[in-house]
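Note sheet for the following structure.
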Protein chains: 4
Amino acid sequence: MSRAPVDASEHFDTASFDLDGDTLREECGIFGIFGHPDASAIVALGLHALQHRGQEAAGIVSFDGKVFHSERRPGLVGDSFSDGATIERLKGRSAIGHVRYSTTGGTILRNVQPLFAELAGGGLAVAHNGNLTNALSIRRDLVRDGAITQSTSDTEVILHLAARSRKPRIIERFIDALQAIQGAYALVALTNKKLIGARDPLGIRPLVLGELDGCYMLASETCALDIIGARYVRDIENGEIVVISEEGVESIRFANAQPMRPCIFEYIYFARPDSVVNGKSVYAVRKAIGHELARESRAEADVVVPVPDSGVPAALGYAQETGIPFEMGIIRNHYVGRTFIQPTQSVRELGVRMKHSANRAAIAGKRIVLVDDSLVRGTTSVKIVRMMREAGAAEVHFRIASPPITHPDYYGIDTPEREKLLAATHDLEGMRQYIGADSLAFLSIPGLYRAMGETERRSACPQYTDHCFTGEYPTGLTDLSIASPRQMAMLAEAD
Amino acid sequence: MSRAPVDASEHFDTASFDLDGDTLREECGIFGIFGHPDASAIVALGLHALQHRGQEAAGIVSFDGKVFHSERRPGLVGDSFSDGATIERLKGRSAIGHVRYSTTGGTILRNVQPLFAELAGGGLAVAHNGNLTNALSIRRDLVRDGAITQSTSDTEVILHLAARSRKPRIIERFIDALQAIQGAYALVALTNKKLIGARDPLGIRPLVLGELDGCYMLASETCALDIIGARYVRDIENGEIVVISEEGVESIRFANAQPMRPCIFEYIYFARPDSVVNGKSVYAVRKAIGHELARESRAEADVVVPVPDSGVPAALGYAQETGIPFEMGIIRNHYVGRTFIQPTQSVRELGVRMKHSANRAAIAGKRIVLVDDSLVRGTTSVKIVRMMREAGAAEVHFRIASPPITHPDYYGIDTPEREKLLAATHDLEGMRQYIGADSLAFLSIPGLYRAMGETERRSACPQYTDHCFTGEYPTGLTDLSIASPRQMAMLAEAD
Amino acid sequence: MSRAPVDASEHFDTASFDLDGDTLREECGIFGIFGHPDASAIVALGLHALQHRGQEAAGIVSFDGKVFHSERRPGLVGDSFSDGATIERLKGRSAIGHVRYSTTGGTILRNVQPLFAELAGGGLAVAHNGNLTNALSIRRDLVRDGAITQSTSDTEVILHLAARSRKPRIIERFIDALQAIQGAYALVALTNKKLIGARDPLGIRPLVLGELDGCYMLASETCALDIIGARYVRDIENGEIVVISEEGVESIRFANAQPMRPCIFEYIYFARPDSVVNGKSVYAVRKAIGHELARESRAEADVVVPVPDSGVPAALGYAQETGIPFEMGIIRNHYVGRTFIQPTQSVRELGVRMKHSANRAAIAGKRIVLVDDSLVRGTTSVKIVRMMREAGAAEVHFRIASPPITHPDYYGIDTPEREKLLAATHDLEGMRQYIGADSLAFLSIPGLYRAMGETERRSACPQYTDHCFTGEYPTGLTDLSIASPRQMAMLAEAD
Amino acid sequence: MSRAPVDASEHFDTASFDLDGDTLREECGIFGIFGHPDASAIVALGLHALQHRGQEAAGIVSFDGKVFHSERRPGLVGDSFSDGATIERLKGRSAIGHVRYSTTGGTILRNVQPLFAELAGGGLAVAHNGNLTNALSIRRDLVRDGAITQSTSDTEVILHLAARSRKPRIIERFIDALQAIQGAYALVALTNKKLIGARDPLGIRPLVLGELDGCYMLASETCALDIIGARYVRDIENGEIVVISEEGVESIRFANAQPMRPCIFEYIYFARPDSVVNGKSVYAVRKAIGHELARESRAEADVVVPVPDSGVPAALGYAQETGIPFEMGIIRNHYVGRTFIQPTQSVRELGVRMKHSANRAAIAGKRIVLVDDSLVRGTTSVKIVRMMREAGAAEVHFRIASPPITHPDYYGIDTPEREKLLAATHDLEGMRQYIGADSLAFLSIPGLYRAMGETERRSACPQYTDHCFTGEYPTGLTDLSIASPRQMAMLAEAD
C-alpha cells in the first residue's frame, strides 16, 4: 500500500458552489509550448520565470501523442517541478503549465490548474490567468442542467461549455465557450493535436507568442521567453485565438474588433520589470512614472529610498529627475516564508520586519523621500514610516507611484473590498495622517498616462483598464447581480 | 504556502476513459450512519472492521447540516482516519465511508470514494461496493452528451445519471440512476437530508442495516456493527432502497421482485469469519465446507494443516469430521508490507516466505492434509507444497474448500483473465502435477450447496451467484460487447 | 507505530542521563551476515522475520570494504527497508541489523540501533537485544570521566567501554567491554574485518548461527534463517563470542563456564512459534504447556477458544488433551494501527474490539475454555471475558498458559512495575473475580518445567531464567542501588 | 535546499573521521538569549534575520530550568521554526540557535547545530560560526584516547575538550577547551545556568551583544537585533568570553591581549548591508568601496549596473562618484530553489538565468559598467557578461569591488581550492579575456583599506584578516600538516 502522504483534505461547501466561496479565483501565470522534445522541462522553466505571478501552487499537463499526463502540486515550481522524475513523468512534445497566486485559506488541489476534461472529440487541458465575471451565473445554469462540477474554479465552466457545445471540432467548441464567457482571460489550452492561446476581447490580461528553434510557445510575460533564450514574436491580440500545430501558427478572431484595453496594473505592480508587456518595457514605464511623480510632487529631501523591490525603478526615476541621491535605505529579507509565531512580549512591528529592515546608515538624520508602487490598505505603509523614523529619519515624504486605488478589481488581481481600500475612505490629508508621513503624494491619472507614453487618457475609450483608479469597469459584471456584497469582494479573486 | 507533500500525480489516459483503463474498478467495503454525534468516528471504526475488503485507500464524507466535508487517503483506515484532527474536520451527524481494494499499479486519489457531486437540488455523496457491467457504455454516451468525467471509476456514472435526471427530488434522481445501471452493487449515499442504502436487483453484494442507540447505520458486513456494539437489524433486500432520515427508515423497491442471488464467494473467501451474511454465519459455512470436503475427499494423513488465515475454519471442519489432529503447520507473518528487494542469489521461494513459514515441529515426518480456501492461478500453491516438503512433510494432500474456478468475475472481485485460471486450462490430474501434491481434491458444487444448507443447486434459478464455478452470469454484460479481450479482464476489477 | 517523518525532535533530559529516563531500554531482534553479495537485502529479510520482536524502528549498518553505511528508520522493516534505493545505499558484503520494540512515548532516532563508533583501530557497529543491569552505573562513571554520550540507550556504554579499552585489537576491546557489563544481552557487531556475535554468561537472550551457501549469519531466532532458506548450525553458547571472518568461524569464551539459563519467556510468549530456541520447538513447548494445563486444570466445557494468535498452540494442546473441540471463537483483526479516536457516546469496550472480535457462531450458548498465554495487568482479560459473555457464552473458564507473573523483568522484556502486576497483588480467587471468569487457573511452575521436558526445576541452579514467576533474578542488579522505585520500573525496559 | 523529510540516512566514512571528509565545516550564523519568556520564538526570529549566513539547516536548543529541548531541521528557519507547535516544544527562558550554510553534497542531521553534551556538571549546548584549524589533530588524539565522536563537525571537539577538562565548573571547562583550539570562532553556548558567548583571540568571526527589556542576547550581526527591536550594546571583543546569567553580564579574557583582526570579507560580501560589524556600517563600507573603485578605475560608460543584490551598494557608490547613471540592468529572480532539469536542447546559459535576467530596456545599446562584489572562479561572470552582450550592451566594463582572491580561506568561508581561484592562475589581462569583458579592474588592497577608513594597511600587524587577498594567514594551520592537498581544500569549509 502506498504510504506517500497524499493529503487532499477536501471540503465541499454547498453554498460556495452557488454564489459564495472562499477561494474561487486568484491571480496566475501561464505558459505553453508545442512540438519540443523537452516540452515539460521548458514549461517548468517558463513557470519558474513567472513565479512572481503565483506562489501557491503549480501544475503542468503534457501530451505524449497518446496520453495526457498531469502533475499538480502546492508550492513553488523550483521545489515541485525541478526534479528529473517529475519531468520524466510529464512525457510528450507539447505541454502547458500554470502558477497560482498565494491566498490565505484553503487551497484545494482540485483547483490547481491546468484543468482537464475528456470531451467527445478528445482531451482538453486549460490554464487560465484572469477572472470571469459571469462564471457564477453560468455555473448555476450548468448545475441545473445536470453538469457535475468538480472544482470551485471559474475556469471549469470553460471546460463544461466546450464539452456541451454541439460543434464537431474541439477548436470550434472552445470558441463556443469563449463566446459565452465575460471578463478577463488569457488562456493556454492543449488538445491531442494543438496548442491554443486566447486573450479576452479587450486584452486585459497579457499573453505573448515566442519561438525557440522553430517551436512556438505562449507565455504571460516575455521574461518567461528570456529564461530559455526564446525569441519574442508578438503579443496575442485582444479577441484573438492562436492555434499552434504541426502546420504552424493560425490566427482566428473570435470577437468583434474593438480597441485593446490592457490592465494598467501589470505595469505598475504586477509584471516583472524586465518584461515587455504590450510592447512597452515595464522597467521603462516604472522609471517614467518616477520622473512624472518627481515633476508633480517634488520633496525637499536628502535621499530617495525605495520600498524594495517593486518601488526601485520609480525611485530611481524620481532620484534622477530630482538629483536627490538614491539610497537603499530599506533592506529586503529574501527568506520570507510562513508567518512566524509572534512573541507575546516586547517585539514591535514584527510583521514588517520579517520582510524589510531599515538601513540606519543610509537614513539616520536624513530627510527621506520614500517611494512605493501603490497604496492599498495602508497598514504596511504605517509600519514602514514608523520604522524609518525609529531608524533616525529626520523627515519622511511618502510618494506613491500610482494614483489612489478607490475600486476593487474583478479581473484577476486580488484586491480587498472597497471599504478596506484606504483611498476609498480617506482624503489625501487623512491618508497622510493615517500613515504618519510628513507629506504624501500620489501620481495623478494624467501623469500615469503620460508615463505610459500617451498625451492623455481618452475618456470615451480609455487606452487601459484602469477601473481601480477610476471606477470605470470595461466589461459587464453579471455575477454581481446574483452575489451579495461580501460575495462581490470574493469576485475580486482570480485565476 | 503549504509545503505538505500533496501528491496527485495524475495521468489522464484518453483511451482509458473510453474502453480500456488500468484501474477502473476494484473490490470494496462501505459504511454509513445517520444522526449520531460521533458520526465520522463511528464510520472510521466501521471501515476499520471492513479493512479486509480493501486496503488501498479509504475515504469519509460527512454532512454537518450546511456543508459536506470529505477526506480521502491512500493506505489503511487505522493510519489515516484514527487521529483526532482528521475526524474533527469531518464534522456532522451523518457520514458515509469507503475502503478500496489494493491493486498493483496506479491508484489515483480522484478515484478514492465516496465520490461527491453538487446537483441542482443539493449535494450527493456515493460509496459503492460492486461493479457495473454497463458503465463503459453509459460513460461513452455521457461524454458524447457533454458530460465531463473526473474519475475513472464506474461509480461516477451513477452521479452523472442522477445529475441529469429531470426528477425534482434527489431520491427520485437516484432511483432513475439505479434503473439505468446493470451489474452488482451495494451503495450508501448521503444527501443534505438523508442516508440512503441500495442493493442491486439480485442482491449480489452484501449490505446490512444496524442500529445503535436509536441511530441507524448501513454496513457491508455485520462485523462492522459488532466493533461498535451496534445491533444487527436486517439485511437490505435485493432491489431495495432504504432511506434513513429524521423520520426513520423508509423502504422503496426500485426493481421487480425476483429471487435473491447473493455472491457465494463472500462465504468462501471474502467476508470476515465472524460476520453473518444474508443470515448465515460465515464461520459456520466454512466449517460445514470442511466437513463436506472431508466426506467427499478423505485423505490418509497424520495432521490437518490450514493455509492461514482463510483456510482455518474449513481445516477445523475437516479435522473434526475425520478425527485427524489439527495443527498450525504454517505460521503467518503479520507484518507483510511492500514487496522486498529480492536478493540476486541463494534465496528461494522468497515471495511465499514473506507471508508464510513452515512450522517444522508440526509437520516433519508427517503425512499432511493441506486445506486452502480456493485455487486461482495456483502459483502460490506450488510454493506452499514445496515449502511443506522442504520442512519434512512425508506426504502432502491438498484439499480446496471450494469448487474449481473456471470463469472470471465481473461483479466486484478481482479475478485474473480466464486463461490464467488454473482450473480453466488443466484437468484435476494436471493441476495436481502442477502444484506437486500427492493428491488434490476440490469441494464439489453439490457439496458447496449442501454446506450452504441447501439440498441442491436449483439449476433453473440458482440460489447464489456462482458463475466463477459454473459460468452462469446472473446479469447482462453489456460492456463486453464494446471491450477488447484485454479490456474484458479489466472488467473483473470492481469498486 | 508512528509514521510521521521523523526528523528528530530531540529532548535532552539532563536528569534522565543519570538515573531516570523515559525510554531507556526496550525489547529487540538482531541479525547479521558476513560475506554475502546481497548482505543488506538479506538482513532486511531477516529483520522482517524478526519483526514480532520490535515494531517501533529498524536499522541496518553495512560495510563495503572501505566505508560503513547506515540507515535507521521508524516503523516496520517492510515499509522502510524493502525498496531498492535504500538497500542500494547499504553497500557491502557484511551487514548487521536491529528491530526495536514499540513503546509508548518518545522514540528518538538517535536511539535506533545499530549504534556506531569510530574507534582508534577502526569502526564498530553494535546491535543489542537484552538489557544491562549496570548501564546507569557505568554511564555515570563515563560521564564523570569526560565521555560524551549521544543516545539514551544502554547499548552505547558498550561502545564507550570498547573505545576506552587500551587493548590494540578491536576484538580484545570488545571483550573488555563485555567483561565490564552485567545483565542480559545477545549482540551482533560489525567491524571493518569481522562479524561478531556474543551472548551473555547465562545465555538469557537467544542467538543462533546459520549458514547459506557458505556464508555465516547470526539471528535472534531460527525463523529468520528459514525466511531465506538458510541452514541452522547451532545456538551461540552462553558466555561465548563467535568471530566470523574470511577465515571462518572462531569461538572465544569470555566468561567462566556456568550452566546456561535462558529466559523461559521466549517459549511462553516472545519467540515465533515456528522458531527453535535453544534446541526446542517453541510450538511444541506451547502445545505441551496446553497439555500440562489440561491435566492440571481441566474444565467442564463445550469448546476450547484461544485468544489469538499467541494462545493458539496451548489451546490446541488443551483441546487435544481433553477432547473438547477447538474453535476460533475470537477473530483477530490484522489491521490494527494506531489508537482510534474514541466516540464520546455509546461505544463500549472499543479498545479490545479494535484487535479482537467475538465469533458468535462458535460460542453462543456454549461453555468455553478461554486459553491465553499469560496474565499481566489483567485489564484486557476483563474485556475479553465480557465480550465472550455478550456474544452468548454460557460459561467462561479462563486458563493461563504460564504461572502467575509476580515480579518485573530487567533483562529485555517490557513489564510493568510490580504493583501493577495482577498476580503480585491478588490471590487466585481475587484475580478470578477481577476478570469476571467462572473459573481461573494458571499453569504451575512444575507444570511449566515438565512442558519444557524437565522432570523438575532445579532450585539450586534453575535451568531457566524465570524470575518473573519466582523472583529469583539470575544476575546482579547494580543499577537498582542507584535508582529510585520509579526508576526501577524503567529498568524493565530493554534493547 | 532539500525539503525531503530528513530521516537521516547516515553514511559513516571511516577515512573521513581521520583526515578527509566531504562536509566537515561550513559557514554559519548564531544567536542566543537569556531569561526571556519567549526565548525560542525570539531565537527563531534572530535566526531568520541571519538566514543569509546559512540556508542548509537550522537548530535551536532551549533550557526550561530542568530539561534541555532541541529541534534541528534541514531547510529554512521560516519553514521549520515558524509554527507554534515547534516553538512550544522548545520550552524555557533561555535558548541558542544556529543556521548552517548550504553546501552541495551530504547534509547529515547529526551535524546540524547546536550540538549538545551531558557533562559531569550538567548539560552544555554549543553553536559555532567559524572554523578550527587544529580540529582534525585534536579529533585524532581524542579518538586515540577512547572518545566516541558522533558528528563530522569540528565543533564537536569543543564539547569533548570541555567534557575531559578536570575543572569543576562548566565555565572553566569551556575555557580549557577554548585554550586548546586554534582558528576562527564565534560561539554561543547554553548551560543550565548561563548563556555564554565567545570570540576567538583575533575576533575573526563577528559576535555582538544586544539587549531587549533587560534581557541580554548574542548574535552574529546587528540585523538580528533589529528584527526584534533590540538595542545594540557592543561587540564581543577578541579573546573575550561573556557569561550572561541572572547576575547580569560578566566578561572574562581567556586569551592574551593582542590587536583585533576581524575578517574583512564580512564587509565585502558576507554580512547583511544593514548590519553594523565591529562598529562599521556594512552598507557604508560597500558604498565607500564603490567610490574608491571609481577613483581607481573609472570607465567611459553610459550606465552603472550592479550584479544584484550584493553588488548594489558598491555600484551606487561607483555611480555617485562618477556621475554615471545607476540602472537595474540585471533583475534577480527571488524564487531560486533547487537546480532544474536542464533541457537537452536549445537552452543556453540556463544556470545564470535561473537567478538573474538581463533587463534589456536598461542596457540595450549602452556602454555599461558592471559591478560585482568579488570574483572567485569566474564561471558566473563569464555568463553574466555574455548575457549582457546578448541583451544588447555596447560595451561591458567589469569592476570588482574587492581585490583579487588568490588564497583559500580556512576560517569559515567556503572557498574553492587555490587552483580553482581565477586570480590565482591568471593575470589581469588573462582574467579579462576569460570573462570576455571590454575592460576589467579590481579594487586595490590600499583602496580596500581606505574604504575601511584606514590610511593604509599595517603590514606588520594588519588591521583585518585578509589572507584571501594577501596569503597572510593570521593563525597557525595545524591540520594542514596532517592533511593531503585535497583535504586542505576541505579545510576551507566551516561552521
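Here, residue 1 is simply the first one shown, and the rest follow in order.
Note that Cβ sites are derived from N, Cα and C of the backbone, with glycine treated the same way.
Unlike curated records, TrEMBL annotations are generated automatically.
For C:Cys28 (active site, nucleophile), the Cβ neighbour count at a 10 Å cut-off comes to 28, with all displayed protein chains included. If you look up TrEMBL, you'll see C:Cys28 marked as active site, nucleophile.
Residues or ranges marked as domain 'Glutamine amidotransferase type-2' in TrEMBL: C:28-247.
What TrEMBL records for C:Ser310, C:Asp372, C:Asp373 is Mg(2+) binding site. The secondary structure of C:Asp373 (Mg(2+) binding site), as reduced to three states from DSSP, is coil rather than helix or strand.
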Stretch-averaged pLDDT - the domain 'Glutamine amidotransferase type-2' (C:28-247): 92
Protein Cβ atoms within 10 Å of C:Asp372 (Mg(2+) binding site), excluding its own: 22
Rounded to the nearest Å - Cα separation of C:Ser310 (Mg(2+) binding site) and C:Cys28 (active site, nucleophile): 18
C-beta crowding around C:Asp373 (Mg(2+) binding site), within 10 angstroms: 22
Other residues, Cβ within 8 Å of C:Ser310, C:Asp372, C:Asp373 Cβ centroid (Mg(2+) site): C:Tyr269, C:Pro306, C:Val307, C:Gly311, C:Ala314, C:Val371, C:Ser374, C:Ala401
DSSP state at C:Ser310 (Mg(2+) binding site), helix/strand/coil: coil
Inter-residue Cα distance where the pair is C:Cys28 (active site, nucleophile) and C:Asp373 (Mg(2+) binding site), in Å: 20
Neighbouring C-beta atoms (10 Å sphere around the C-beta of C:Ser310 (Mg(2+) binding site)): 20
